[in-house]
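Undergrad: For reference, the structure I am asking about is given below.
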Amino acid sequence: MSKANRQILVTCALPYANGPIHLGHMLEHIQADIWVRFQRMRGHEIYFVCADDAHGTPIMLKADQMGIAPEQLIADVQKSHYADFCGFNISFDNYHSTHSEENREFSEMIYNRLKENGFIKTRAISQLFDPEKSMFLPDRFVKGTCPKCKAEDQYGDNCEVCSATYSPTELIAPRSVVSGATPIIKESEHFFFDLPSFEAMLKQWNRSGALQSEVANKMQEWFDAGLQQWDISRDAPYFGFKIPGTENKYFYVWLDAPIGYMASFKNLCNRQNIDFDRFWNKDSQAELYHFIGKDIMYFHSLFWPAMLEGADLRKPSNIFVHGYVTVNGEKMSKSRGTFIQAATYLKHLDPECLRYYYAAKLSNRIDDLDLNLEDFVQRVNTDLVNKLVNLASRNAGFIQKRFAGKLADKLDDEALFNEFIAQSAQIAAYYENREFGKAVREIMALTDKANKYVDEKAPWVIAKEQGRETELQRVCSMGIQLFRVLMGYLKPVLPKLAERSEAFLQAELTWDNLTQPLLDHEIAPFKALFSRVDSKQIEAMIEASKAENAAVNSSPKAEKTAKKTTALESEFEPLEAEISIDDFAKMDLRVAKVISCEAVPESKKLLKFQLDLGFETRQVLSGIKAAYGNPEELMGRFVIMVANLAPRKMKFGMSEGMILSAGSGGEDLFLLDVDAGVKAGSRVK
């Protein structure tokens, strides 16, 4: 298929319908939207679809907690999600839901085809069951220690630390997220997709060279570990689609979620009379691309193409994987206000600022992207306001006042204009390969050249001298011509700024028409195209995020949910507010050796310690008497103490520090221990 005749379908991963969109989500959707808008500018037939992922136990349980039907919850969330995406100018052709008739039909069709082709197996499995809630526990409602890397607090289906996949019954020390109870094992008949049958096909797909190297390498690790049959069924109660021919079995959410790509596109096809089969038949020549995050690579690189192959449908042309978003070099934090919802951002800042910042830092690799808020302000103001928009404003005034808005009929510097046009192919290649950061750097280098041209020509000087009217018009027109080319190159990134620029230029910006300058052309009076970002806006957004997160935690819904807090969660004290590394560094924790320990007769709680710190001896009173009824046994052991705590005069003597212990109090207290070989006075780091 020639590039002039490309037919392309693009999807983003489906946001889960139980929470708001945040700036982490927006990275993927902005990345995909920039690529889609570029392809539209190139004249290709391209469709961009997405949907809410609306099935699964989490939605069922959250709706129950809220006292509403799951259908009402997902409808409300979908409306909110779509509003956020529209706010960031994400140009979906369709935004649907996996809880749709189209998705039900496709899910049943694919399942039936897989079954007819011999790729569905059934067998009884031992499954974790919550004895308190009388329900089988989905993978994501079991947590425990990863059986592979031993990372704690991992879900029942895969480890977020080492990316290993496993059965929930393999978890070490599993617990129910629903009730906190320790699950028991019960048998249930389940349906499995025979993934190992597709290993040869998947290996060939992996070796095709189309996939990102990081994806291909990760797939090879999974091949080396051995592919396993995939459990595609869940027991009732469950919110989703019932498996045909069963009474109480439902499709696992990860079976019908990617099928939602097809369902959303089918919904669009039905409304716009598009040929669906032309994009999804096995022999389709159309291009199909999925933009996803690195946390769901496994499903999209193994299960999804294998399901399509087994159902006699086409496979994706490629999956484009991105990393996570950090803020100021750290994971997004609710307490710090850096877990920023899309709706919160939109109340304080122009969405085009974030689109530009993300674009400036995006590559086609799976690298995490850091949203440094100080750099964000500086980059937006410098690049977009001081350089780009200023290029138009500093020339437009002369054109409007002195020449009635009419541009010159000849270029002042044809060679410079041609230099800008010559970069079109390179910039287009960067966009095509999703190297948006490189495209932006190339465009801003041209912007610097354009401003250098204006600075050297100094139209404000020419304007003061008689007889140089023609020169003034040509110089200022040249500045406008260069601005137009730059704005055309940035149109996929900044669609609204491009729209305002088109109104100012009174000409549409297309990739092809940029090669022809606007000679003897009338432009509109210049109006402000873009506003500077003030650091106070950032501060207000952060404070609003903190307040929103605090409100969620104290809302009636949260109180209702708190009443259902799991037994496991209620066993522990809540986390304190986050502190910085500098705050932590203020504490001087030291290893100390117990020289003597005795009960304080007049106190029911206190033991009196004499501690050797290596360089001095300290007396510490510690309220652990109930846990250590025979204090003499503590003599000679090592403990950890806070050594720089101000001495405190107590009723029974002076206490010169604090000994660290863990537990809920009373008899449930345990002194922290250290390995053999450590010396008294050693600092804990």
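All residue numbers here begin at 1 and follow the chain in the order shown.
Using the three backbone atoms N, Cα and C, a Cβ is placed for every residue, glycine included.
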Undergrad: Given 331-335, 361-365, 531-535, 616-620, which one carries Swiss-Prot's motif ''KMSKS' region' label?
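TA: That would be 331-335, the stretch labelled motif ''KMSKS' region' in Swiss-Prot.
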Undergrad: Under DSSP, the motif ''HIGH' region' (15-25) has how many residues in helix, strand and coil?
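TA: Each residue of the motif ''HIGH' region' (15-25) counted once, the result is 3 helix, 2 strand, 6 coil.
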Undergrad: Give me the Cα-Cα distance between Cys149 (Zn(2+) binding site) and Lys334 (ATP binding site), rounded to a whole Å.
TA: 28
Undergrad: Cβ within 8 Å of the Zn(2+) site's Cβ centroid: which residues qualify beyond Cys146, Cys149, Cys159, Cys162?
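TA: Nearby residues not in the site list: Pro147, Lys148, Lys150, Ala151, Gln154, Glu160, Val161, Ser163, Ala164.
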Undergrad: Going by DSSP, is Cys162 (Zn(2+) binding site) part of a helix, a strand, or coil?
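TA: It is coil.
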Undergrad: Quick test of the contact rule: Cβ under 8 Å, at least six residues beyond the ends. What residues does that give for the motif ''HIGH' region' (15-25)?
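TA: Counting only partners 6 or more residues beyond its ends, the motif ''HIGH' region' (15-25) has Cβ contacts under 8 Å with 50, 52-54, 56, 58-59, 62, 73-74, 77-78, 80-81, 84-85, 97, 324-325, 327, 332, 339-343, 345, 354, 371.
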Undergrad: Lys334 (ATP binding site) to Cys159 (Zn(2+) binding site): how many Å between their Cα atoms?
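TA: So the Cα of Cys159 (Zn(2+) binding site) lies 23 Å away from that of Lys334 (ATP binding site).
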Undergrad: If you draw a 10 Å sphere around the Cβ of Cys162 (Zn(2+) binding site), how many other Cβ atoms fall inside it, taking every protein chain shown into account?
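TA: Excluding its own Cβ, Cys162 (Zn(2+) binding site) sees 12 Cβ atoms within 10 Å.
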